[in-house]
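In TrEMBL this protein carries:
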TRANSMEM  29-52  transmembrane segment
TRANSMEM  84-103  transmembrane segment
DOMAIN    118-327  domain 'TLC'
TRANSMEM  124-142  transmembrane segment
TRANSMEM  162-186  transmembrane segment
TRANSMEM  198-215  transmembrane segment
TRANSMEM  221-241  transmembrane segment
TRANSMEM  253-275  transmembrane segment
TRANSMEM  295-314  transmembrane segment
REGION    331-381  region 'Disordered'
TRANSMEM  394-414  transmembrane segment
TRANSMEM  420-438  transmembrane segment
TRANSMEM  450-467  transmembrane segment
TRANSMEM  473-493  transmembrane segment
Amino acid sequence: MGFRKKNKSPPVLSHEFVIQNHADMVSCVAMIILLGLMFEVTAKFAIMFITVQYNVTQSLDTDAEDQPEPVNYYKYGHKDIATVFFYLLIAIILHALIQEYILDKINRRLHLSKTKHSKFNESGQLATFYLFSFVWGCSILTNEEFVTNPTFLWESYPHIHMAFQVKFFYICQIAYWFHALPELYFQKVRKEDIPRQLYYICLYIFHINGAYVLNLHRLGLVLLVPHYLVELLFHASRLFYFSDENKQKGFTLWALLFVITRLLTLTVSVLTFGFGLSRTDNQGFSLADGNFNVLTVRMTCLSAICLTQAWMMWKFINFQLKKWREQSQIQASKKKAVSPKSRPSKKDSRGGSVNGVMKPDDKTSPRARKSKASFSKPDVSDLSKWNNRVISNLLYFQTNYFAAAIVVFLIVGFMNPLGMFLGGAVLALVFMVSVWAGENKAMIKNFKKKNPTLFVVGVMGISYFLLSLCGGVMVFVFGITFPMLLILIHASLRLRSMKNKLENKIEGVGLKKTPMGVILDLLDQQEEKINKIQDFLESKLKD
């Protein structure tokens, strides 16, 4: 570790030597770059590493007719790589200072285990960075008025000009997440923790660089600030948890804000790529002008954001289930250990000994009773409580997904009511024609029975083709397909109770019909379920 004094110095340029003195080495490289400013020959190269490049001066129209006020803006270019490299060195130095003078001193007082020690260092470093980035990002959003006017996210695209604070913010963000890669070696991160950290480091690098290169820095800034707030709350809660395991209230607030932030990210992304950028006048692809406003790029960016949010939500649900399962098992084992049934009675304790000495042929011994109590199964009441808790939380998550589908549907209908009506009419017309053909045409009817899933995909494909002729592709994708995807996620996360199962069986037999059941029957999507229910009833009648 840098700045750490050791009695025995390792061999020069060995792994231990580099790890212990990496901050000193990096400081020497940064000082050499700074010393280059003192000489005219090297100043023009050194300034490329230190200051922000590609300055553009524009005249701002004011009320005064004499002379307009000049304003400095910045663009991006290949010279930014040198600037990122210099501030990457600064990030490594600051990382070593925080570790040496703050986190290591706290670790000595807490006496944490090796696993908690590694997680404490990770949360301490990330909490500091998230706090700094969140405050800095909020000040930029306030000064640039991105929040008060959401249309700034897509108006006058491409946004090739950036204010100094915006560009310097992105330079520091890129430099920090690139510095996290060598820190995996410098900090001696455990092998089992490296894949998990590599995942989120690479995701940060990919998304931040994508927003910077594609001139989507406004959208990237709006999405980063609430995300950093949620991550700051999580790592701060984990730091308090390591100091005192009873302090777990912060995780509840983090779980709530995590789901809200994911829905906010999806909504803003759909609004920007699906409707804002698609309606701007400057459509086309041009590397020279920095214009990437084409359908392929928009769909690729939106797909990357949606897949990332879905992956984060999947990891979040698995984390919560694992945590609840561990807590339920701990509580069940504690209750079983102190229950009266596990305690030996006086009669048993006396009957197994003669003159205070245990009989060797006794089948019950204190050791056997202890092992039996410690490895006993959890109580049924505890498992039922755990199941109810899991059901309530999963219902909470799937309700949010269903709410997101409704929000997206309303946004599409508000932004383009004619296109929404046209999309619904085309989909309904294609559905009616396909159902009629499936009932009256033998070839289509056989195909529908043998391949019901392909039949539904064909209906959606024909609807997409017809809407593309009318110019309503984006309305179809974001107004119909995307809400249907969220509704399917909503349905897949539901946990059926006995009442739901009984209603499904009644509906399958034909005693009750619902609108969705009628639609699925017309598409031959419930034939397999009905056959299973009939086999079930026949087996019960035979019994």
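Glycine is treated like the rest: Cβ placed from N, Cα and C.
Beyond the transmembrane segment (198-215), the same-chain residues lying 6 or more positions past its ends with a Cβ under 8 Å from any Cβ of the stretch are 76, 157-160, 170, 173-174, 177-178, 180-181, 184, 224, 290-292, 297, 301, 304-305, 308.
Through the fold, the transmembrane segment (221-241) approaches residues 119-120, 122-124, 126-127, 130-131, 133-134, 137-138, 140-141, 146-147, 153, 166, 169, 173, 208, 247-248, 250-251, 253-254, 257-258, 261, 264-265, 268-269, 305 of its own chain, all at least 6 residues removed from its boundaries and within a Cβ separation under 8 Å. Counting Cβ pairs under 8 Å that are 6 or more residues apart, the transmembrane segment (162-186) and the transmembrane segment (295-314) reach fewer than 3 and are not in contact.
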